[in-house]
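Quick look at what TrEMBL annotates:
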ACT_SITE  Cys117  active site
ACT_SITE  His430  active site
ACT_SITE  Asn456  active site
DOMAIN    63-516  domain 'Calpain catalytic'
DOMAIN    724-759  domain 'EF-hand'
Amino acid sequence: MYLNTFFPTMGRKYPLETPRSAMRGQCNGSSVLVQRTHKSPSLECSADWFKQEIKCQMERGGLFEDPFMPATDSTIKSGSSKQSYRWLRPVELSRCPRFVADGVSRFDIKQGELGNCWVIAALASLSMYPELFNQVVPPDQSFEKSSKYPYVGMFWFRFWQFGDWYDVVVDDRLPTRNGHLVFMHSADPNEFWSALLEKAYAKLVSSYDALRGGCTAEAMEDFTGGLTELVDLGAKAPTNIFAIMEHALNRATLMACSIDADPHEIEANGPLGLILGHAYSVTDIRQVVPPDQSFEKSSKYPYVGMFWFRFWQFGDWYDVVVDDRLPTRNGHLVFMHSADPNEFWSALLEKAYAKLVSSYDALRGGCTAEAMEDFTGGLTELVDLGAKAPTNIFAIMEHALNRATLMACSIDADPHEIEANGPLGLILGHAYSVTDIRQVHTNYQSQSIRLIRLRNPWGNDREWSGPWSDQSREWRNIPPDERKRIGLTFDEDGEFWMSFDDFVRYFSRLELCHLGPESIAYSPGPVNRRCNKRQWEMICEEGEWLRNSTAGGCSNFPNTFYMNPQFHVEVVGPDESDTDGNGTLVVGLMQKGLREKHIEPHVIGYSVFRMPPSAPNNRLLDRKFFMTNSSVARSPVFINMREVCGRHKLKPGHYVIIPELDDDTRITFMDGPDHPIRTADDNLIEKLQVVFNKIAGPTGAITYTQLQDILNEAFTKDFPFDGFSRETARSMMALMDADLSGGLGFDEFKKLWMELRIWKVLSSYKLF
């Protein structure tokens, strides 16, 4: 049995098999073309089957003529047809016909007289993913007798139907009028894959006419075996629809869209060149800096004193709009500004960021990591460059740069000496950005030196004055071609080079902001199509520490540690550059809403445990597991910061990450940036007992029907389910009734209540 959800298709039939008697002639008993379709066990098996059919046709002689799709008007439309078509093969329409000419592109496909834009929209999306496309349109077919599949007038396609792939073979006789194809065709008159695919799809659904009108969802499912979700873009549209579409694109999800239309006005002209009732394929979606804003009334966004910026906050992008009134003194901007007095994007961006976190004053002091994450949606790792610095830190930074990682660094300073003068032109307690890292060849044979390029955000002459600084004598040892390769310039712009050894000697802290799929729109493959950078895979989860439910404290509290939220993750394989067989896992744990609410952060950290091989990946680990197993990794520190982050080298396998508070008494609600972090009501249990006693009465116990009423009243208000059934309440009663009294006393009820609170919280987590 195959169970799935499909949209009904009115009046369309899907005849998948035809009696053997319908097939005229056979090839020594070996032909299987006695069915309208052939069930495909695998692409490889189907390829062998198709080769056998070609062999049989070659033995028959002549070109294949499909008995299920005769070259008559009945193939176009069942019943009478006023149109008359001439059926021609590609070899009769073109001197040099090609199945596929110069690769497949979404721009190849043109709609004909048949109203099947829904099919074309699905094909346009499919053509973006070659592996998916080749599942439907097997490659290496041609009009040459010497090809992998010798030409016999027979072409092969594959479609998904209710849980299985089916092969559909058609002849290449196509309906034409005045020597031109009348239905779907390619922009190249010598290319015929799209016209033949349309014929195969028409065969699957009984006729060409059965393809008139339809839902793109149906075609996308038939071409992929996927499951299509319909999203209403009207009043009920999800508020995070952009994020949903970004996430979908990163998972190679096919997308299409349309504008509702009156049934009598299908494909009528709509606003601004759009077509009503017409299917469009979504081919890309990008997160970009809002462009085209200006102080001109004639610009794309006419000037009205309003400017727009976007920031990442805990899993979503947020738009922030500000007016352009800026604080000045004596006619000059007093906060962030551009070196060009006529440029204002930086000052306006700062104002928008101040609005996000409540005020300009909330931006005083902070960690570069926080800003990098808010600007990118990345995850920032802190690296100590002191005695505990990784021995392979140069390789880590090279690897990071190849993954489009943002990097910044600073020198620790006394809190009373922030941005004081340091050694050789460096500034203490000041953030520098890392803009490049290179292994540079010298004039000496087989010698090279490791260099790093930094930038002082002040953008002035406050630069490093030691070895490899601007105009220093060390540059004489670098060949001109090497200087050109690294883009060497000497300007008073705040940017400078220094040796990597000096960098580690003088700087204290390195911050690496790793960008994930939410930061830049990536293609599904391993290489970013925009900047040729390799990407990280990222999983974002939200949760809460709730007193007596999910606030289990740190590992110093073994009896309650298991109550903490548990997040499962799989390390799939080793890094491409590693030889030790380990993979890299970067974990970040962040507290929400601190800066804008002016709240001091709690002390937080995390532990990583390896899942037992026998344990299901979606099972919550119990107290016994944590009391008998040690963590394989921990956060570098437990500290009262917005975020703790660490890099871990782990063997491939399944792991569980446990976020921890420093004790088991605090409660932190992490349910959105608009909700303040607050402390639990210490009288919760007392209040619960008062309610319980009122219901239980003098017996001091409640029945299962009373239990059902209490739980439904408590949990259905903020939890999306239909409530506990009477049978469920009876089962819970039997489970918790330790003294077999037939009722629940308060202690038994309290234990059940706490267990349900834990499951209420954890049910909102996606476990990996």
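Here the Cβ of each residue, glycine as well, is placed from N, Cα and C on the backbone.
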For this session: Would you kindly give the Cα-Cα distance separating Asn456 (active site) and Cys117 (active site), rounded to the nearest Å?
Result: 55
Exercise. Looking only at Cys117, His430, Asn456, the active-site residues on record, which one has the least crowded Cβ, with the fewest other Cβ atoms within 10 Å?
Worked result: His430
For this session: Would you report the average pLDDT that the model assigns to the domain 'Calpain catalytic' (63-516)?
Result: 84
Problem set entry | DSSP-derived structure type at His430 (active site), helix or strand or else coil | coil
Problem set entry | Cα separation, Asn456 (active site) to His430 (active site) (Å, whole number) | 8
Exercise. When the domain 'EF-hand' (724-759) is classified with DSSP, how many of its residues are helical, how many are strand and how many are coil?
Worked result: 25 helix, 1 strand, 10 coil
